[in-house]
Amino acid sequence: MKQTDDKDSLLNRLLLSLGILLFIRMGTFLPVPGIDHGHLEFYIERHFRLRTLVSTFAGDNTVVVGLFTLNIFPYINASIIMQLLVSLLPGLSKLQKEGGAEARRSINSLTRLLTLGWSLIQSTSVAFYLKRALFEWNLVLAFEIVIWLTTGAMIVLWLSEIITEYGLGNGPSLLIYTNIVSSLPGFVKQVITESSGKVPIGSWLLSGFVLFVALYGIVLLQEGMRKVYLISSKQLNQTSLPFSGSSNLESGYYIPLRFNQAGVMPIILTTAVLVIPTFIYNLGLLRILTPLITLPVFVKSYKIIYWVSYFVLILLFSLFYSTIVVNPKDLSDELQKMAVSIPGIRPGVETTFYLKQVMKRVTLLGAIMLALLATLPNIIQAILSLSGFTNLGTTSLLILVGVILDLTREMRSIILSNIYYDMFD
């Protein structure tokens, strides 16, 4: 966090972030030239899949293909791909660990290039998907749509980096947060419309309790950690380790192994994997299985099979992705270099083994909590017989809670820095 002479730095940062978010939100509704949006809206009202495609990026029920329609999603996808490449390619992994600031700049540049490539892919998909909806569609119009949407995505990336650097909060996270929040009025309206006069008060109270438990569980999942205490060779407790993010003058240094190291990635990967069979079937490649999947037994047990698979895949992806985020071997090597060890555990192989065992237990607990929380929207839907609750998934709640917690921490940091500045001014 940069120290600033301006005592109103918190307000300035907040206004900058809000201004950029408002500008991006307005740009989402700035129509791309060449598209007859009146005809497009008429077509979309009758084709649910196209409505879903167009409204996915904007975060609500808009039917406008705007300059910032792609929003920050190309960058999010590029970041995920980059994380996987760093974990799979030894050269990139070594560059990230040993390259310092210059390496971070190189990886950021590669991520931006991936963002550009992914923007081209997504904008091309949108352009060709609109072919059936636009009478005036041609290759020139498709090219213009691709250029507009790709340019818009890169502008959004640039503005999000300005928020991260000079504003309040993390730019990409705030943009996703804004998209989710913008869809909440429609979600509330849908729930009220579907439930009016149909749902008993007891079901509402039970669902409210389940939602409260879900929010509490998400906060616990986001903030919960297992502290692995450390001891330095010189027995000094005045400063914390660079990677610990915290220190305790009574108990010494510690490594915070969080319950949910992988964030929402296990849910994203699980959803992507479970969509693949349906996608392949719709292409006509698995038509031979039609007699099997139309059996009454399969139809009745389909939801059970789906959610058991959902639960198991989240467990597996959580265990896998957590090893990418925190590698016990790398952590052990760093401790050895800094002449720091875990009390009662020998440095080297024994420390690596100990960290692996602790991480397995912590990650398994976090994965079980994440999988249980992921099924809660469906529990509420079953109680109320409403389809609207599936639109407010665990991923959205995790992002909402995570962004709020991050903003709270950053605001506290700015306030404390200003207090210290006043003390020594």
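Using the three backbone atoms N, Cα and C, a Cβ is placed for every residue, glycine included.
Per Swiss-Prot, the feature transmembrane segment maps to 15-35, 62-82, 113-131, 139-159, 168-188, 201-221, 266-286, 304-324, 364-384, 385-405; the stated evidence is sequence analysis.
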Notebook entry, point to check: Per the definition of 3+ C-beta pairs under 8 A with sequence separation of 6 or more, do the transmembrane segment (168-188) and the transmembrane segment (304-324) touch?
Noted result: no
Next item on the list: Name the range, of those listed as 15-35, 113-131, 139-159, 304-324, that has the largest tally of Cβ pairs under 8 Å with the transmembrane segment (62-82).
Entry: 139-159
Check: Taking 15-35, 113-131, 304-324 as candidates, which has the most Cβ pairs under 8 Å with the transmembrane segment (139-159)?
Finding: 113-131
Checklist line | Sequence-remote partners of the transmembrane segment (15-35) [C-beta within less than 8 Å, at least six residues beyond its ends] | finding: 58, 62, 64-69, 71, 130, 134, 136, 141, 144-145, 148-149, 152, 155-156, 159-160, 162-163, 166-169, 171, 174-175, 178, 182
Note to self: Using Cβ atoms and a strict cutoff of less than 8 Å, what residues sit near the transmembrane segment (304-324) while being 6 or more residues removed from its termini?
What the structure shows: 83-84, 87, 260-262, 265-267, 269-270, 273-274, 359-360, 363-364, 366-368, 370-371, 374-375, 378
